[in-house]
Structures are given as structure tokens and as C-alpha cells.
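Here Swiss-Prot flags Met1 as N-acetylmethionine, drawing on a large-scale study or a structure entry. The feature region 'Disordered' is assigned by Swiss-Prot to 1-20, 260-291. Per Swiss-Prot, the feature domain 'START' maps to 14-224; the stated evidence is sequence analysis. According to Swiss-Prot, the N6-succinyllysine annotation covers Lys94, Lys197, Lys202, on the basis of similarity to another entry. Taken from Swiss-Prot, the feature phosphoserine covers Ser253, Ser259, Ser284, Ser289.
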Amino acid sequence: MEKLAASTEPQGPRPVLGRESVQVPDDQDFRSFRSECEAEVGWNLTYSRAGVSVWVQAVEMDRTLHKIKCRMECCDVPAETLYDVLHDIEYRKKWDSNVIETFDIARLTVNADVGYYSWRCPKPLKNRDVITLRSWLPMGADYIIMNYSVKHPKYPPRKDLVRAVSIQTGYLIQSTGPKSCVITYLAQVDPKGSLPKWVVNKSSQFLAPKAMKKMYKACLKYPEWKQKHLPHFKPWLHPEQSPLPSLALSELSVQHADSLENIDESAVAESREERMGGAGGEGSDDDTSLT
């Protein structure tokens, strides 16, 4: 399997807002992402409980954009298992209750592809979707998966969903032992639209921690599930297994937020169901589908 060389020399964050052309991330991009995941300066801690921490950061050049960073300690979950869970699109449909639809579109290289993901937003906001170029890199016992938004000619914005923009989103998985790891999730996303303050607050105080905990539960159940569902099929580890068609980078273009319709939802009030936690409230995760 081809691999990108991974250097460990420190690098500062690499700017991503001004991206003008579609490129598969290189070594410097992966180092920069790792550096930002590990950075502490400029981040405000908003949640820290039971091994899960959340930080937020306003983007100075555009105050409507916010970065969020979540970190979780995972006991009894090897780094390679968490890496598999994040890659396994069929398993995600089982454990991610927010997903509406998700599928891979095409392969770009042995460690990069293009995919579609749509998700449910807190009521009564409109649901969102995104097309992203995703790339991944094993770095010894650690792993990085990251993505950013692109435009694909066959998948234009849909009328029933708001097309969001991932400026840069990804995961850093760091092994801390044979059966333990730490995962850091870093996201800079333009959800397209003026969101009410309760959405931003709820994302950092409730939604992000809950999503991380649900991912952890899914990791614990993954080995048993995978044994019953094509146990040897892991194209993210064995690219020769990939059934995806190849796609040239020239077929894609960068998805800029300013080219999409802006939705003003700033005055939208939180629904009673969301305030009460809804059917999927804290502590009510339904794991019966993970079998």
C-alpha cells in the first residue's frame, strides 16, 4: 500500500480559508492539522466531564464562523478500532442517529476519496448536507482523518437541505496503550446561515459531548459487529478492495461558502422537544441497532 511519509517535526497551523484549488493534502497539511489539534493557545474550554473536553474558538476574520475541538479518552478501545469505526460507512449508518444519508462517491488516490453526508439538525433548524474530499494517514500508532468541502458536478445542492461547508474537519487518534487511545475532533464548518446563539451553545455543551460518547459506545461494539459483516473488507487499509470508481481532481472544485444561499435562522427558537432532550436525550441512546 502506498503511504505518505509522515514527519514529526513541528509545524504551525496552515491557513485553509483561502483554498483556491482542489488538492489532496500533503505531509505539511497533516502535520499542520495535528499541530492545531494539540494546540492550547486561543481556545476556550466550555465542557470537561467524564473524560470528554470541548473547546471553542471564534474565527477572527469572520465572527460568524466558529471552530470546535473535542477530545475524549477511550478506555478499552485500541486506536486501530476507532480508526476502523470512523472509516466504516456501513457501520456509521447503524450508530450515528443524526445521519440521513451517507455514501462514498469516488476514489482519488489510495488515501483520499470524495463522499456525501447529510444530517439532522436540532429542531426546528433545516437539515444540512455536505460533499467532502476526505484523506487519511496512519502515522505509526496514530491516525489522522480529515476533510474539506468540494463541488461535484453530479451532486449539486438539494432543495430540501442546506448545503453546509466544511472548511476543515477531522480526527486525530493517538494510541495510549494496546487497548486505549485519545481522539481529538477538530471542526471549522460554515453551516450556511445565521444561527441562533442557543445552537452554538448547545453544540459545545451538549451535542458534541453526546456525539463523542455515542462514538465510544459504538467502538466497544464494533469488533463483534464487524465479525458478522464482511470482516476482512477494509478498503481504508487495503485500497485494492475499493469498489469505487476513480475520479480526476480536475472534475472537482472548491466549495466556497459565499457561493451558496445564505439561510437566516437567527430568530428560530429552540423547540420544546429539543429543550427536553427529545427522544435521543442524554442517557437515552438506543444501541439496539448495533447488532
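Cβ coordinates are placed from backbone N, Cα and C, and glycine is handled just like the others.
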Distance [Cα-Cα, Å, rounded] between Lys94 (N6-succinyllysine) and Ser253 (phosphoserine): 31
Residues that sit under 8 angstroms from Ser253 (phosphoserine) by C-beta distance, when 6+ apart in the chain: Val22, Val150, Lys151
